[in-house]
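Chemist: Have a look at this one.
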Amino acid sequence: MWSFFGLIKNVFTTLLSFTSLLFIVTYLYRSPIFYNTQDVIPMALSTSLGFLCVSGVLIVNDKKNYFMKTFTHLSPSTALIRFITPFTVFSIFITGLVQHYMFAVSSVNNSIFLSTTILILFAIICGFIAMLVTQKLMSFQDESNKYLHQYKSMVTLSSGMQALLNDKFEYLAVNQAYVEKLNLTIEEVVGKHLSDIFGKKYFESKIKNHCERCLAGEVIKLERWMKLTAEHQLFMEIELSPYYQNDGKIYGIMVNARDITQLKQYQDNLEKSKLVIENSRVIAFRWKPDCSVEHVSSNVDLLGIQANELLSGKIKYTDLVHPQDSARVMQEVRGFTEKGVKQFIHEYRIVSHSGKMCWVEDRTNIERDEEGNVVFYQGIVIDITEKKQVELKLKQSNTIIQNVINSTPDLIFAKNKEHQYILANNAFAQSLKQSPQSLIGKMDREFDYTDEQIGNFREQDEKVLNGRCVITPSRRPLDGNKVLETSKFPLRNEDGEIGGVIGIGHDVTEHIANLAKISKQQMELSQTLDAIFDAVITIDDSGLIQSCNRATELMFGYHVDDLIGKNVCLLMPDMLAENHDVSMNSFLLSSEIQLTGRGRELVGKHKDQKQFPLHLAIAELPKNQDERKRFVSVCHDLSKTKQHEKLLNRTQKMEALGQLTGGIAHDYNNMLGVIIGYSDILKAQLKDQPGLLNFVEQIHQAGDRGAQLTRKLLSFSRQTPNASQESDINRLIKNNKDVLRKTLLSIELRLNLDVTIQQVNIDRSSFEDALLNMAINAMHAMPFGGVLSLSTREVELSKEQAVNYNIEQGEYVQLSIEDNGEGMSKEIQDKIFEPFFSTKGEQGSGLGLAQVYGFIKSSMGAINVYSELGSGTRFSLYLPIPKVENKVENKVNNTEEQWRVFGSETILVVDDEPQLRALAQTILTTKGYRVLTASNGIEALAALEESPIDLMFSDIIMPKMNGYLLVEKAQKLYPELKIILASGFQGNLSDRNIMLDEDIIAKPYENNYLLRRIRACLDKQDIKTIKDSHQKNNLSTSKSSAMKSIVWTNDMSIDGGGELDEDHKLMFTLLNRCQESLEEQGNHQSTQAIITDLVQYIHEHFASEELLMNNINYPYTKNHCDVHRMIIEQLNQKSLVCSDKEVLKWLITDMSSWLVEHIMEMDKPLQKYILKHNKQVGSGLKENTEDEIHDE
């Protein structure tokens, strides 16, 4: 109210001052001071005078020193301006008044001088007064600031928590102790509002009310928890006092605070302790030397006694002690007192009036005066009745435990920190040949341990004393070979402190042996599983993978560590993975699983997200320790199987077609053979009759065309007889270029032929047909025109690539036929080689690509297709390059005179077709041969038995016994017999256990060709004949002289001391052992063992040698392997029909000489191929295969 009134007063005074100034200026404008005229005092003068008087009255009547209050908080210059302004106005007014008066009483000149003089004097007086007032103002402000500075200094230097706030609750000053509690600095606090420090919400709710009461003049004292920072709060004693200045008004708040958190916590703890004692079984007491009780806690009723009975003196404490313990207790108290101890503990029994007896533990402190006299005893009494009962039971238990540890076969002992034995059971003592009592206090060095053992024991004990547990298998010399697993762990006291070592030794000799056996079995199992090509995975009933073998990594692309613990769905496509959990839950509920006990074809997913077919079989394993079901699944990758199935499917279809066409071709070839054969005879006899000769030649040409037709029919299923010849496919392509361009009317033909490629063995006619068929297919794929590219190059297929194409590893000529037509889907690609499959409807026969496939297979090659819809198609044909050693230059003129086709040997002709049989007989008889005939195999065997035969020329397809079966039986009976087969349809040679040194002659054949082949076969010296002659020579030599041991020489080396040489040396040794056994006439068992070892090693050596020949691409592997099989058959035959002695003689004579010759004549040629192969491997000279094979 008063502040509002003061504000109105100040505003009013200021308005009066400005109004007076306005009227005075108006007056001066009309004053004679400037105009030198005499005017009457205007009305404004009196009005101004009235306002100034009112203002002066207000100023003078301000009992509270209006000027001092106004200027105290201002600078001296500002106060001076405020003070001089009204006095200047007032002086101008007085000067004007005097001037006017002087105008009235004197002349103008005198008035001007006088008024000027008065004005100067009055100005000096006003200035003097202003200086005095300014000095007074400055003095007053200095005194006020000094007072405030002194208080701030007092606050800052105070050791308590002090602060000074203004009336707006802003900090004017704080000391260091205050800001430290706030975790701030003085600069961060001064000038800040309380809400800035404690938060607006906390200030409004907890602080503001007390501060407002303090500004009203109230001194506030309080104790409360204060939240000084966000992390913690303190319990503070706070005093808020009003801050007065000289004028007696409240300008702020003085804060004085003290941290009494510890005191508060002490009080709280004291109360809690009191409550704890009152509510616990611990009884506090205080009694005088005369045994009267001065204080006892209220829970003494636990002992069956009331507190007031003790405090009143009705009962003394000694009255409670059990009679049997009373004398002892008092004697102990006197003893402790006389010794001068401050505290003692003893146990005794207390009996209440009701007869309740309990054991107590008395912990008493003795309080003495300055002279050492006992003032009182105080302490606590704890009921330990239960403890005593437990100790009794514990004692009984210890007895039982001691009996138990003494009866156990394990070695049990304990040591203290000084490594002395403090416990030992009977088993441990007996191991050291001591008694348990004699071990107590002794150390390890007192027994028959080595220094190394003692050091190890000490090191283990130190680890245990540091809180670690040690398990160590060790051998004790006193126990023989037994292995003890000693477990040592800390021995702790009741406080948990380590006071020694406890050790338990267990005989683990049998356990370790079992572990080693299990470990070996697990290793063998792991190695077995890793050796399996199928993925073996174990999972639990949640589908989580528990283990897997090495094949799993290779099949799915994940590392074992990446699979363990993962769900097996990781290896499945998304569609199968979604149903897996449902299937698993269904099985767990029904205990049935679809795949258990049998397999199923599914799809697997590789790490690179590629899917592949697999065969999955699942079996349930026994439950584990957690009684959870487990399963083992075996996954077999069907990728190659599916690929081979497609290939087999296609082959079987072609073979089915071949069987159909083969029967037809056989009959046709027989008829064509008669036509061509007899036309050849007529041509020879009609040389002098050109007219008739021309007719015969036409007949011969018609027969040739018919033969070509049958070959094309058989080419569908790889049944074509071997009519291939070395050809340059570049030349064949160029020769057919015009035909292709005429066929491909709107197609651009591009050739990219590698001129460096080698020749290949193919049927040229079939190749040209295949080329035309593929060009026609490309044309149909590009109905609106396009580009057909033909390119050739040489490639080398690796073993893995060759296996994928079901062909042999080696060098091939690749013919690529590529178009940019419509392309094919995957489904169509799988069927394009099937006979009669066509995408052109009635316009296509479906035999074009089937012919191509038949041609490729008959050429021992492969074909690959790559196509994408809208991007075109690329066919890649792989034709094998013949080995260099197989290339024989046959520069043969057709003139009969250049060949020695005559002979006198006996030849058996076997054919079910009478005309062909008669034709062959006529051809051979005219050349001097003696010819016998047979219509089937049975008749042929009879003819072979009746008379010696030099060569048998037989058909293949015959009734009763075909040519293959005839050869098989004839070779067994007559190994030296030379055999040539002829047929227009060969059938399957691989199903027969026969060896053919001569290629099959394709029907129909020309007469001269038949004569040349027979003469060449008869002139060839068979390797078996060479062997037999050497055997006969060696046999005669061995009979004429004593048997000698065979010796290995350096010129027999094949691979420079490698595996082959070592095998040969070992075979020499075994053969010499046979000779020694025969000379010593050893017993049957030893002789049989020698023969068995030799036969077994011969089998192993032949298998190793054949594998080597395949690896080095040895061209004569087949013939070499046939010789091996012949020797094995002789070995088996001798073992069955001959005695041990006869077998030994045969091994020493025939086998020894054969082995030497075999090494020098047949194994020796392997040397250069081995060197060549090693050189290629060493230099890494291998060509890259084509792109599409790499993609495959």
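Placed from the backbone N, Cα and C atoms, the Cβ positions cover glycine too.
Copied straight from TrEMBL:
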{"type": "TRANSMEM", "residues": "7-29", "note": "transmembrane segment"}
{"type": "TRANSMEM", "residues": "41-60", "note": "transmembrane segment"}
{"type": "TRANSMEM", "residues": "80-100", "note": "transmembrane segment"}
{"type": "TRANSMEM", "residues": "112-133", "note": "transmembrane segment"}
{"type": "DOMAIN", "residues": "220-272", "note": "domain 'PAC'"}
{"type": "DOMAIN", "residues": "301-340", "note": "domain 'PAS'"}
{"type": "DOMAIN", "residues": "344-396", "note": "domain 'PAC'"}
{"type": "DOMAIN", "residues": "521-574", "note": "domain 'PAS'"}
{"type": "DOMAIN", "residues": "663-883", "note": "domain 'Histidine kinase'"}
{"type": "DOMAIN", "residues": "906-1018", "note": "domain 'Response regulatory'"}
{"type": "MOD_RES", "residues": "ASP955", "note": "4-aspartylphosphate"}
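Provide an account of the burial state, proximal residues and distances for the features listed.
Modeler: The list of residues near the domain 'PAS' (301-340) in space but at least 6 beyond its ends in sequence, with Cβ under 8 angstroms from a Cβ of it, reads 281, 283, 285, 287, 291-295, 346, 348-354, 356-358, 360, 362, 364, 366, 372, 374, 377, 381, 383.
Remark: secondary structure over the domain 'PAS' (521-574) totals 27 helix, 12 strand, 15 coil, with classes taken from DSSP.
Secondary structure by DSSP for the domain 'Response regulatory' (906-1018): 48 helix, 23 strand, 42 coil.
Proximity of ASP955 (4-aspartylphosphate) to non-local residues of its own chain (separation of 6 or more, Cβ distance below 8 Å) is seen for VAL910, ASP911, ASP912, GLU913, LEU916, GLY963, LEU981, ALA982, SER983, given in sequence order.
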